[in-house]
């Protein structure tokens, strides 16, 4: 890959997107993944794994704010948070903004991701790797949740698409393990693709999660980087009330948190659970 070259995403066979490349900062094929970071004049630094864009400097805040602040503020008193994946450090960055959180454990299958993101995506982690509450575990996510004796208040699965190394993080074995190691009142969330184009992912996740959680749904956010625009996040807990908090409660918790966000706010939080009819029909549920 050379300067000014065009990089094509390969997630979809019949359509997709491209990025002009100003400079390739890093590329290495590790045991688990083909990693590349390059600079784009509009989106800043772009990270891709196995031909699929994972994050860009320009809009990563949308994804990471919604993946963290929605479950943490819905919980209200989270002390221990588990992040599966998230090697770029941005999920850790957002979780660490919650002063009430006492321990943040991140399980990443590939140590190489963490090391090169420290160097090449410094704005993503913003020094969060040095937070004394942070503990890094290099392990497979499925193995960890099924072997650990620890319990967590919130689990965030910052997984790749269900192909390659990320496939196991969409299985019943993983969801069962997550349900097992959540404290009472705990919440599980996971990225679930762009449902307009990857609807089967949401349907499969809904079916599998429903085996272990009483309340399973999804929420959404508009993230330009991901082709199709509207990213879907899986939500699972044993208490439907956590998903149905009134706006006044969310506003109070947000104010108390001291957070200053660029995308998330209490109204976005409440509205994000309103799902399009085509997804409700596919899930065979009513709202």
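Heads up, the Cβ atoms here are built off N, Cα and C, so glycines get one too.
Swiss-Prot annotations:
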- 158: active site, proton acceptor (ACT_SITE)
- 33, 108, 140, 141, 165: S-methyl-5'-thioadenosine binding site (BINDING)
- 64, 88, 158, 159, 160, 161: spermidine binding site (BINDING)
- 5-238: domain 'PABS' (DOMAIN)
Residue 159 (spermidine binding site) and residue 33 (S-methyl-5'-thioadenosine binding site), distance between Cα atoms, whole Å: 13
Distance, residue 158 (active site, proton acceptor) to residue 64 (spermidine binding site) (CA atoms, angstrom): 9
C-alpha spacing of residue 140 (S-methyl-5'-thioadenosine binding site) relative to residue 159 (spermidine binding site), in angstrom: 11
In the chain carrying residue 140 (S-methyl-5'-thioadenosine binding site), residues 6 or more apart in sequence that have Cβ under 8 angstroms from it: 107, 109, 168
Local Cβ density at residue 108 (S-methyl-5'-thioadenosine binding site) - other Cβ atoms counted within 10 Å: 23
Cα distance (Å, whole number) from residue 158 (active site, proton acceptor) to residue 108 (S-methyl-5'-thioadenosine binding site): 10
Pairwise CA distance, residue 141 (S-methyl-5'-thioadenosine binding site) versus the residue listed as 'active site, proton acceptor', rounded so that it is a whole Å: 10
Listed in sequence order, residues with CB under 8 A of residue 88 (spermidine binding site) and six or more positions away: 47, 54, 55, 60, 113, 117, 121, 124, 125
Cβ-Cβ distance under 8 Å to residue 158 (active site, proton acceptor), same chain, at least six residues away: 67, 83, 84, 85, 86, 91, 190, 191
